[in-house]
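> Dumping what TrEMBL says about this protein:
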type	residues	note
ACT_SITE	80	active site, proton donor/acceptor
BINDING	180, 181, 182, 183, 184, 185	NAD(+) binding site
Ligand SMILES: NC(=O)c1ccc[n+]([C@@H]2O[C@H](COP(=O)([O-])OP(=O)(O)OC[C@H]3O[C@@H](n4cnc5c(N)ncnc54)[C@H](O)[C@@H]3O)[C@@H](O)[C@H]2O)c1
Ligand SMILES: CC(C)C[C@H](N)C(=O)O
């Protein structure tokens, strides 16, 4: 991979490699764009097969955060971290504290939170070294685990997409195929079950599947069977690139609406599902609940205010569908257009000179 070529192509600001021999920390922080504000995005810990795979994931995920934060109306830019390692075996206190010091060194350009493989406890360790971390324990007046709130936003967005496909936003009696029943999806399943939806679930972790079957009467299928099941809605809630050449023709759902980041392997797959008449709720729009919730910590956390904002994921999905119809484009392009236009508007409005404590003239006061 020619790194600078890639950074230039998608206009990334910064890519950092953090290494701490004693703790085994190998982290990559990618900061995509800070036009709207400091880059906020979670830390993923995963067993990447190669370093290149880890770099690509950090880059793709951080760009996704730029678009997610912009589309959600937050005054935040996009960044993300990946830590290379097995979250079940390789974590230790020193690792997260070393990582916290790297974040502190960025002086607020990047703020972290949870993602796949990291927990509130990990964020608390990072917080020992820096204030530039969110999703820490409620004991600190913080918002805690973002997953249930992400799930609520996905539920709201799924209803908006269902309204477009079925003429009603009621999910009662709808069959929803949920791929991955981890932190977000378990909570999503609860909302769907309470509304009377029927659930088909899968996960590579048998215990997670058993929990969903027991709690919600879900039907379990093998991981590779989930794409082809007869259902109304497909909810990708595991990892990315699941909408691809191998899966598209298997999908029978009329709606795709789930929590996973980077669901489309390539943009062309967004065009293909559009051509098939599937209503696609763009991933970074529908899964913004978690970041909306943790971002509220920066104002002094107020759960009621945060949840009210998360409810608006419904309206944002409606708006994206409206733009897609107006401009005759797929929803993923409509979401990109909406996010890019906001960034551009703010970039322009900020071009006026404003003296502040960070400006070079500050030394002359
Ligand atoms: N946690 C949040 O608040 C949040 C916010 C926005 C987006 N997301 C995204 O949502 C997705 C899920 O996040 P999470 O926090 O619930 O993570 P998680 O690790 O708790 O859950 C993911 C689940 O997917 C399963 N899985 C992995 N590969 C699979 C496969 N091939 N087939 C079936 N199951 C598989 C895992 O075993 C796990 O149970 C991720 O893509 C994450 O980036 C999470
Ligand atoms: C809670 C968030 C800051 C990060 C979350 N993992 C996301 O992808 O949106």
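All residue numbers here begin at 1 and follow the chain in the order shown.
The backbone N, Cα and C atoms fix where each Cβ goes, and this holds for glycine too.
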> Only counting partners 6 or more residues apart, tell me which same-chain residues put their Cβ under 8 Å from the Cβ of the residue listed as 'active site, proton donor/acceptor'.
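In sequence order, 29, 30, 41, 42, 43, 44, 58, 61, 62, 64, 65, 115 meet the Cβ cut-off.
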> Return the residues near residue 182 (NAD(+) binding site) by Cβ distance under 8 Å, restricted to its own chain and a separation of at least 6 in sequence.
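In sequence order, 116, 147, 203, 205, 208, 237, 238 meet the Cβ cut-off.
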> Just how many other Cβ atoms lie inside 10 Å of the Cβ on residue 180 (NAD(+) binding site)?
27
> Filter the recorded positions 80, 182, 183 down to those with CB closer than 6 A to an atom of ligand 1; keep them in sequence order.
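Among 80, 182, 183, near ligand 1: 182, 183.
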> Hey, does DSSP put residue 181 (NAD(+) binding site) in a helix, a strand, or just coil?
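Residue 181 (NAD(+) binding site) sits in coil per DSSP, no helix or strand.
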> Long-range same-chain neighbours of residue 183 (NAD(+) binding site), Cβ under 8 Å, sequence gap at least 6?
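Looking at Cβ-Cβ distances below 8 Å from residue 183 (NAD(+) binding site), excluding near sequence neighbours, one finds 145, 147.
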> In which DSSP state, out of helix, strand and coil, do we find the residue listed as 'active site, proton donor/acceptor'?
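In three-state terms, the residue listed as 'active site, proton donor/acceptor' counts as strand.
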> What are the non-local neighbours of residue 185 (NAD(+) binding site), defined as same-chain residues 6+ apart in sequence with CB under 8 A from its CB?
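Spatial neighbours, sequence-distant, of residue 185 (NAD(+) binding site): 151, 178, 179, 201, 235, 237, 238, 258, 259.
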